[in-house]
Amino acid sequence: MRSFATKRWAGIEGLTLLVVAIGVLTTSSGLILAGIIGFGYAAYTKLWDAPVADVSIDRELGDEAPAPGETTGVTLTITNTGSKWLSDLRVIDGVPPALETIDGPARIGTSLRPGETTTCHYTVSVVRGKHTWDSLRLITRNPSGSRERETVCEVSTTLRCTPPLHAGANLSLHGLTTPYSGRVTTDVGGYGIEFHSTRAYRSGDPLNRIDWNRRARTGTLSTLNFREERAATVILLVDSRKEAYVAAEPTGRNAVERSVDAVATIFSSLISNGDRVGIATMSPTECWIAPQSGKTHTARVQEALATHPGLAPTATEGTLYHTLWFNRFIRRLPADAQVVFCSPFVDDRPIYTARRLHAYGHLVTVITPDETTADTIGDRIAAIERQHRLQTLRGNGIRVVDWGDEPLPTAVMAATQRWSQ
Amino acid sequence: MSGETTSRGQTRQETINRKPAAASSYAAIFLSLLAAAVLVLGSLVGATIAAVGALITTVSVYRGRQKGVTLGALMTTGAIVAAGVLGAPPAPLLGATGCAILAWDIGSSAIDIGQTLGHNADTARLEAVRAAFSLFVTSTTATVGYAIYVLAGDGQPMTALVLLILGAVIIIAVYRQ
């Protein structure tokens, strides 16, 4: 980039001439001599242009794949590969927006002779996702600071942070299931463990299901039915619109991050129960993984939860056309799928989504991270509004897990006790 | 809630402490006070005005106000002019001018470095090199000025000095081309 004048020393010639003129008029030799310093500086500011930052930069990460919540050191090594002395070199590293610099700013001001090397070290706290450092800004100035030149230097470094999947919370599902056997107890009589009903014997019924007690008592044959246990198809839907990126504290984890945590936990517990589970987002950058089961599917979901831009720890740009999104989503949704919907419910849009899904016959369970606080009147009104929204959902027969500060399994347990099957 | 609770959607970068760089700030405050102290040898009135200038510079550097530092430097310049008009000898005037211009240069670059890189960034070397350059320019020009004064002697006409200055202006004009 071309250098430009900082106008830092603007007016020094005029001021000096004024002082000298006063010195001449009052015959004060001291003032005239003082003018020499001023003129010296005026000449100094005209010396040299801002040098071109001819440097090589290397960025090294302490750990390229740390676990979420860990910290990792970043070391910048800057070497002056040009032939000019960079007397005033300022380097500003472009830290990915989701990472927090916790030890020293990612910036350094230095002075490098040709061939000389300096390092800058800082630490970032890592969150889930794929984070890329793209560019650095280099600012050089001439010694007087009257000219400046800014260069952007491309040095790409990628850090991947994939959270492990831990099964933790057993979310009891609704009775909407697939024909495949699984763990969800249904109201269908057949093979199973829990008693369901008895019916008249039909030839061909297995011997072990004949009610022999009744046969002994009355002499008629009847067959026992048990509740069938079947597998469910579940879509885990995350609200990651810009509005959902809210946190109770400025440094706390936001609702989307907590939703993704909940999804990861529920996903692994459901998939290990034999259910078919898929992932979807309600966001401008849409994510859709059709419900399946198996190890490959698990690996794909784990990767998506870590790095998909629609589930990123910071909001993505773009507009969500809600009706279009919903129509597309409902078309993709298998007819027998239930939906687990994670949203902080900070506006009315998710209510509309949940109620429409419910109306279409997909049973909906809502998991809502509570990010409201009670610090100010406004905060309390927001909390009341949110409670009112959840009340509306419960009134519509939608199951709600209100997830505060407690661990997710505790919240699920507390909510499950209230649900009538 | 999105309005009331802290929405932290966009980025999670650290909030940079944009206070001025420490070492340069102290140097600037010291130099502005030194300018006032040196001016005591020339004129008490001048020294008093310069002390006000030093106070403005100190407060401005502490609060990171670029314009305030310039105002403080202009105040000190006014003090030097006042001292010169009241007949102060050249040596304290030269000393005070050197200190005042150094104070402004180092103080304003402390604020600038704080704005660009932050108070906690490692900027020691940058500050040292910049200050060394400024010190060299000041001491060289002040020495040249004083040498001219001594060589020219008291009896020499003022026009010789003025012509010298004019020569300097022409040199600067040539540099500007």
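Cβ atoms are placed via backbone N, Cα and C, with glycine included.
Nobody curates TrEMBL annotations by hand; they come from automatic prediction.
Now, the feature entries from TrEMBL:
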type: TRANSMEM; residues: B:26-56; note: transmembrane segment
type: TRANSMEM; residues: B:68-87; note: transmembrane segment
type: TRANSMEM; residues: B:93-111; note: transmembrane segment
type: TRANSMEM; residues: B:132-152; note: transmembrane segment
type: TRANSMEM; residues: B:158-175; note: transmembrane segment
Which stretch, B:26-56, B:93-111, B:132-152, tops the Cβ pairs under 8 Å count with the transmembrane segment (B:68-87)? B:26-56
Are there residues at least 6 beyond the ends of the transmembrane segment (B:93-111) whose Cβ is under 8 Å from a Cβ of it, and what are they? 20-21, 23-25, 27-29, 31-32, 34-36, 38-39, 42, 46, 50, 53-54, 57, 60-61, 64-66, 69-70, 72-73, 76-77, 79-80, 83-84, 127, 130-131, 134-135, 138-139, 141-142, 145-146
Positions whose Cβ lies under 8 angstroms from the transmembrane segment (B:26-56), at least six residues beyond its ends: 68-69, 71-76, 78-80, 82-84, 86-89, 91-93, 95-97, 99-100, 102-104, 106-107, 110, 131
